[in-house]
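Engineer: Sharing a structure below in structure tokens format, with a few things to ask.
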Amino acid sequence: GNPELPTAVNITWSSINFKTILQWQPKPSGYFYTVEIHGQTSDTKKKCILTTETECDVTDALRNVKETYTAHILSVMSSRMDDFEEPPFAVSEKFTPYNQTVLGKPEIQNYTQKGSKLNVVFQDPLTPYTFPNGSFQNIRDIFQHDLEYKLYYWKDQSSGKKDATTKSHTFEVSVDSTKNYCFYVQGNIPSRRENRNGQESAILCTSVGRNILDEYGAEVFIIIAVIAIAVITLAIVLSVILCKRKKAKAAREKEPLNGV
């Protein structure tokens, strides 16, 4: 083989919604990398053959998401290698997509606050995998009943959070009809030992009965009040000064001229 070639180090798996990227170091100089994906029961698959990059998209080699894989990153000189030569390689940690991929952000499609009910409708994140008809599978298609979602919600400008759980695409929770609420949605796999919680959706807020004080807070109004008082005070002071000047002028005009 070529034992003098450096082998990969710092090998990591990065996976969100089953899109999986393998990364490593160092950048090669005068040689190449080839990635082999080894499954427990599946055939070995080669990816990123003779690459000078230090990352490789291995998503389509991990279609059996419940299988556990390891990656062999081979350091090779060129494609002109005899079959009996085994190049030096480094082995990654084990990776099981079903247990380790991170759940991405759910997309909130619609929300309403009517009276004392807050309704939120959201959509499952898509995966790179497709059905036979070509449409993309979402994470619910893969996780099925293992997947649930949590809604975290709180009164606008308050820090006290409440939460609700669903296995569907909707939430309906009771709220104070006189207050606005902010919220986000997060996927969850309770059966996992690690990576149970997914990424948080965007935070959105309702605007039912929202007034300027809710929007900007009391501090802004204090500043506005101070400015208003200052303007009124200045106007009064100027009025008094002008009035005094006017009276003084009138008094001067009534005085007899000197020498008359």
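One is the number of the first residue shown, and numbering goes on along the chain from there.
Glycine too: its Cβ is placed from the backbone N, Cα and C atoms.
Got these off TrEMBL a minute ago, pasting:
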type: DOMAIN; residues: 3-79; note: domain 'Fibronectin type-III'
type: DOMAIN; residues: 101-207; note: domain 'Interferon/interleukin receptor'
type: TRANSMEM; residues: 220-243; note: transmembrane segment
Engineer: Counting each residue once, how many in the domain 'Fibronectin type-III' (3-79) are helix, strand and coil under DSSP?
Structural biologist: 3 helix, 41 strand, 33 coil
Engineer: Across the domain 'Fibronectin type-III' (3-79), what does the mean pLDDT come to, as a whole number?
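Structural biologist: The average pLDDT of the model in the domain 'Fibronectin type-III' (3-79) works out to 94.
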Engineer: Could you give me the DSSP helix, strand and coil counts for the domain 'Interferon/interleukin receptor' (101-207)?
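Structural biologist: Summed by class, the stretch gives 8 helix, 56 strand, 43 coil.
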